[in-house]
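Beneath this line is the structure, given in structure tokens, with notes to follow.
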Amino acid sequence: MEDNLPVNVREYQELAKKALPKMAYDYINGGAEDEHTLRENIAAYTRIILRPRVLVDVSKIDMSTTLLGYTMRSPIIVAPTGGHKLAHPEGEKATARAAASCNAIMVLSFSSSCKIEDVASSCNAIRFYQLYVYKNRNVSATLVRRAESCGFKALLLTVDTPMLGRREADIRNKMVFPRSGNLEGLMTTDDHDTTNGSQLERFARATLDPSLSWKDIEWLKSITSMPIFLKGIVTAEDARRAVEAGVAGVIVSNHGARQLDYAPATIAALEEVVRAVAGAVPVLVDGGIRRGTDVFKALALGARAVMVGRPVFFGLAARGEAGARHVIEMLNGELEVAMALCGCRSVGEITRSHVMTEGDRIRSLL
């Protein structure tokens, strides 16, 4: 056991900032434009107060939950973030092993720096795959087939990126993204010309399809048997349309605040989406989760599970596979403590009555 291990996500972030080149750190940590939503994703959690119940026998805590019939040790999923080789030479393979050792589902990014096949063969685990639909539909279709043939269990379609958000740190740094193993043989990411700013931004303009619409859900369903989640839902209107489209679940996400600045913080949008879905499909949430108490708050507001991206990346950058694993373990440990101190023996016992939101406090004064 190493001495002086980080004891929270913030300390891992500080280590990652020291370990990474400025361009890489700014890429993973940055947000869109003024970064208001980036800050708010985290700050919104601080405005939710816990309401603990006491004199409950919490000698045994069960954090397990299920999603699509798969049992998870806890409701914490590793979110899709691109370019893990920016953080560690083993990239997503190291992250996959870390997740598997914690019995956590990992979602592999479309922008993975490791091949789908290499990640799949790195360890035995339940994995999902995150997809963008590109102008060249054959690229997306090929990736779906590869993921399905490698045993991935679900598809997460990102729906909030008809074009890339304006990430000013990447523009300023003239961000150059590493070769993506996912896209090898399909299209190139080798153009390193940064004359006009971010190479990533230029690549996205050339490939992302701004014409993507609800009718494309049917196309995607026609080419795969994997259940489909829509990632990037923040309104009741879109949540209801997602259910009508027959998807398997929705993910309340603002793309880590990297797309539209001044979009709502995800935890602030969660309850609206949960109410609109009305139990028809599971609702997941990502963005801003830095503590086990944040996970608890999301579950209390109706999320089936949460997805955590940047913290795992920070762990990978700071200490490799061991760091990524430790971040997941820390969050699990914090969640267990929060459950015990709130009188919840299982995630099923976490209810809306265990939290007070800012809106609740305002309504109580009327």
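Count begins at 1; order follows the chain as displayed.
Heads up, the Cβ atoms here are built off N, Cα and C, so glycines get one too.
According to Swiss-Prot:
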type	residues	note
ACT_SITE	HIS255	active site, proton acceptor
BINDING	TYR27, TYR132, ARG167, ARG258	2-oxocarboxylate binding site
BINDING	80-82, SER109, 130-132, THR158, LYS231, SER253, 286-290, 309-310	FMN binding site
DOMAIN	1-360	domain 'FMN hydroxy acid dehydrogenase'
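Note on the domain 'FMN hydroxy acid dehydrogenase' (1-360): mean pLDDT across this stretch is 93.
Between the CA atoms of GLY309 (FMN binding site) and HIS255 (active site, proton acceptor) there is a gap of 10 Å, rounded to the nearest whole number. GLY288 (FMN binding site): 28 other CB atoms within 10 A of its CB, across all protein chains. Of all the recorded positions in the list TYR27, ARG167, HIS255, ARG258, the shortest Cα-Cα distance to SER109 (FMN binding site) is found for HIS255. Across the structure, TYR132 (2-oxocarboxylate binding site) and the residue listed as 'active site, proton acceptor' are spaced 12 Å apart at their Cα atoms. Under the three-state DSSP scheme, the residue listed as 'active site, proton acceptor' falls in the helix class. Sorted by the number of other CB atoms within 10 A, the binding-site residues TYR27, TYR132 start with TYR132, the lowest. Distances between the Cα of PRO80 (FMN binding site) and those of the recorded positions ARG167, HIS255, ARG258 are shortest for HIS255.
Rounded to the nearest whole angstrom, the C-alpha distance between ARG258 (2-oxocarboxylate binding site) and GLY288 (FMN binding site) is 12.
Neighbour density for SER253 (FMN binding site): within 10 A of its CB lie 28 other CB atoms from the protein chains shown. Here TYR27 (2-oxocarboxylate binding site) is compared against the recorded positions SER253, HIS255, GLY288, and the shortest C-alpha distance is to HIS255.
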